[in-house]
Amino acid sequence: MAGQVLDGKACAQQFRSNIANEIKSIQGHVPGFAPNLAIIQVGNRPDSATYVRMKRKAAEEAGIVANFIHLDESATEFEVLRYVDQLNEDPHTHGIIVQLPLPAHLDEDRITSRVLAEKDVDGFGPTNIGELNKKNGHPFFLPCTPKGIIELLHKANVTIEGSRSVVIGRSDIVGSPVAELLKSLNSTVTITHSKTRDIASYLHDADIVVVAIGQPEFVKGEWFKPRDGTSSDKKTVVIDVGTNYVADPSKKSGFKCVGDVEFNEAIKYVHLITPVPGGVGPMTVAMLMQNTLIAAKRQMEESSKPLQIPPLPLKLLTPVPSDIDISRAQQPKLINQLAQELGIYSHELELYGHYKAKISPKVIERLQTRQNGKYILVSGITPTPLGEGKSTTTMGLVQALTAHLGKPAIANVRQPSLGPTLGVKGGAAGGGYSQVIPMDEFNLHLTGDIHAIGAANNLLAAAIDTRMFHETTQKNDATFYNRLVPRKNGKRKFTPSMQRRLNRLGIQKTNPDDLTPEEINKFARLNIDPDTITIKRVVDINDRMLRQITIGQAPTEKNHTRVTGFDITVASELMAILALSKDLRDMKERIGRVVVAADVNRSPVTVEDVGCTGALTALLRDAIKPNLMQTLEGTPVLVHAGPFANISIGASSVIADRVALKLVGTEPEAKTEAGYVVTEAGFDFTMGGERFFNIKCRSSGLTPNAVVLVATVRALKSHGGAPDVKPGQPLPSAYTEENIEFVEKGAANMCKQIANIKQFGVPVVVAINKFETDTEGEIAAIRKAALEAGAFEAVTSNHWAEGGKGAIDLAKAVIEASNQPVDFHFLYDVNSSVEDKLTTIVQKMYGGAAIDILPEAQRKIDMYKEQGFGNLPICIAKTQYSLSHDATLKGVPTGFTFPIRDVRLSNGAGYLYALAAEIQTIPGLATYAGYMAVEVDDDGEIDGLF
């Protein structure tokens, strides 16, 4: 009786059906799950085209997306590798297969080896083959044909363990890997090949024979005859891998397909045998589909796992060394390693040296299905001029969360300006054992974002003054128009910005030659009133001599002079736009909306009118990408944007927050806990915190889960009647000796800040930032007052001296607070009047009785209302050293009238800002300035900066 046919076609069909069902099942709870196989074919070989069609058809049946990339025969190796690299980096591509053979001019090994092992679903890359050949190896994928052979044997209930197997053929594609698989399943394996003498002698006692020698009917049927010549006790299972075409005049094609085994004879003597075609071939394709599914599931599972961010150990010293000494004593992680720990792909990362990099905002799109992590705002009580340690607390908190409690956490902070760094303020990287490293790179230039803001701002300023010059010196409309819209190669064309201006003016024309004289005048003349220009040039250095200058004094400017001045770069509205934009499109639209002046008819003139929107966006294209750095304990920090806290929101960017919240977020069905994003707002909560909620949260659509309010014994003593604290002078003894009475009186300021936070419906944790001279009695007084005022918790934190270890209790309190319900609401309705919004902030946040709007401020308010800008949120610029407008009023002043001296528009950023006093928007340098101590040694190490 003849043996039986082992039908690979039917088995493959069952596998494809099972794969399709499993995909549908997963999609039931993960709708976005879509296994994707990329197939690269170079050239037009008919056999390759046939195999590709088979794979695409099988993918369709299995519910797998097949992305077919067909390259011309002449494609260079560089081009093919570029496609492979793109697919390697594409998170939507789970498997990659390069159809072989490739044209002769291409190196197959180099190209196939370029495929990432995690996407090498063919299983033949060096990593997967290498792991397969190790005794305890762990390949990502088994090669498809050998895997299909094993599955066929299992399907036929063939016992592999303890069997004797003979493999005829030693190729890297089938022979060698199938031998390894059989061996790993405890079969005793003999490998033979075309040069082996008397192959038939090896087959008599074989239980399993795999033939992959590539020669038509090389193995004769009679080789399987039992030694005694009978046909009894047939036990051999034959797997024929061969695919050979031999002449057959009876076929229409003139050829027929045969295997490496003489099928018609062998079936007489064996138990099972695979046919050709219809045996191993369909199983190979089915295993390709199964490997693709495995890859997609593995990626899904990896994305659902909590982030693992191994900490860097700290060697704590007493007394605590200087910040720069601590920074240099710690060897940071390579930034690409930290990015990998965060789940950032290499194509989403742009390295700037070893320890800083930019992150593509496209991370947000890739992780769009994730639920955001927990969002924590760090703010403070009304500070002394020495500061109370918000940045240090931010770093200590994330170090505690990640390095000591195993919770993924990212700190999001502003980029410091060079001006204060080289002036009197020093760096802004935190301090002690809670800081960003390398701190010199953090404080100097970083990746050049501030310089990009400066270039963009100054281009705009130059464009405004130059436009006024050209309009004034060219009186004839037609002549001016011809120069504004010149002919190139005999044709005139509006730029995109010009076309947008035409549309806003209601001129629905696209051909420059079609405009009437009236339309030409309306379009070409901006008629800027020079007295209304709000844009100043900027520089990122403290330079008091630039506060007021006269431009246009060169003879070439024909007496077109104008008094103007410089701002520090971070005071530019473009910096606020960078901080508040949700994405590149939003940034471009905001830039276009910036009002630079009014025309002679009091109508607003925008960046879009000047024609600068595209150019400014181009200059800021890279600046919109957040910068990745790390803390002393190797936890991630995103550094992005640095709007001037005096007249702007004083917070890092919306984009950085959105990126970070997705990176530490969780997939909808994941059972892991979300991580934490800890950001901060400038000055005290009454200023930075209020702006954060009413301006930044309106722009981002995000709301914090908790607020950390930083308080110090020193600051509360200042508000409780202790002598003033002055920078550069020794602290009065009241601050270094126990004085609980001062603390208890000053605690009223903290309690007012707690009440202010609670008006937004968010839980608040008070962080008592510990100093060496603080006593237990003073700290206990603060905690008691905080809890009585409604704080969720009040915790002492010693992160400056101990790093994350010193902030563990604070981190635990923040975790608990962030799990409390939030009843968030804004302080005011943006659609209420400007006057009402100002009054609400002054009364509810500052404790004032009323506002006093000076005539010039009222004139501007009326103008902004007339121009349609009355429904914007409000930013109030005032002193940071008092809840009121008067820095000498400590504690919790009440009943005062708050002056509004001026109101200005930041339409691109999306707010009005009112000034309670004259604010210097470019600082000066002191007699002794920070830059005087800076030196650089022969190795490039910077000394004296901090």
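Even glycines carry a Cβ here, placed using N, Cα and C.
Swiss-Prot names G169, R170, S171 as NADP(+) ligands; from the candidate set S113, S187, S194, S201, the record adds S194 to that same site.
Residue-level annotations in Swiss-Prot identify, among T318, T384, T703, T318 as phosphothreonine. Record note: of S184, S322, S346, S818, Swiss-Prot gives the feature phosphoserine to S322, with no matching annotation on the rest.
Each of the binding-site residues G169, G279, G387 was assessed for Cβ neighbours inside 10 Å, and the highest tally belongs to G279.
R53 (substrate binding site) sits 59 Å from S391 (ATP binding site), taking the Cα positions as reference. R170 (NADP(+) binding site) sits 5 Å from S176 (phosphoserine), taking the CA atoms of both as reference points. DSSP assigns G389 (ATP binding site) to coil, not to a helix or a strand. T318 (phosphothreonine) carries neither a helix nor a strand DSSP state and counts as coil. Checking each of the recorded positions (S176, S194, T318, G387, K390, S391) against G281 (substrate binding site), the C-alpha distance stays within 10 Å for none of them. In this structure the residues listed as binding substrate are Y51, V52, R53, M54, K55, V98, Q99, L100, P277, G278, G279, V280, G281; their two most distant Cα atoms lie 23 Å apart.
Taking only the Cα positions, the spacing between T384 (ATP binding site) and S322 (phosphoserine) is 21 angstrom.
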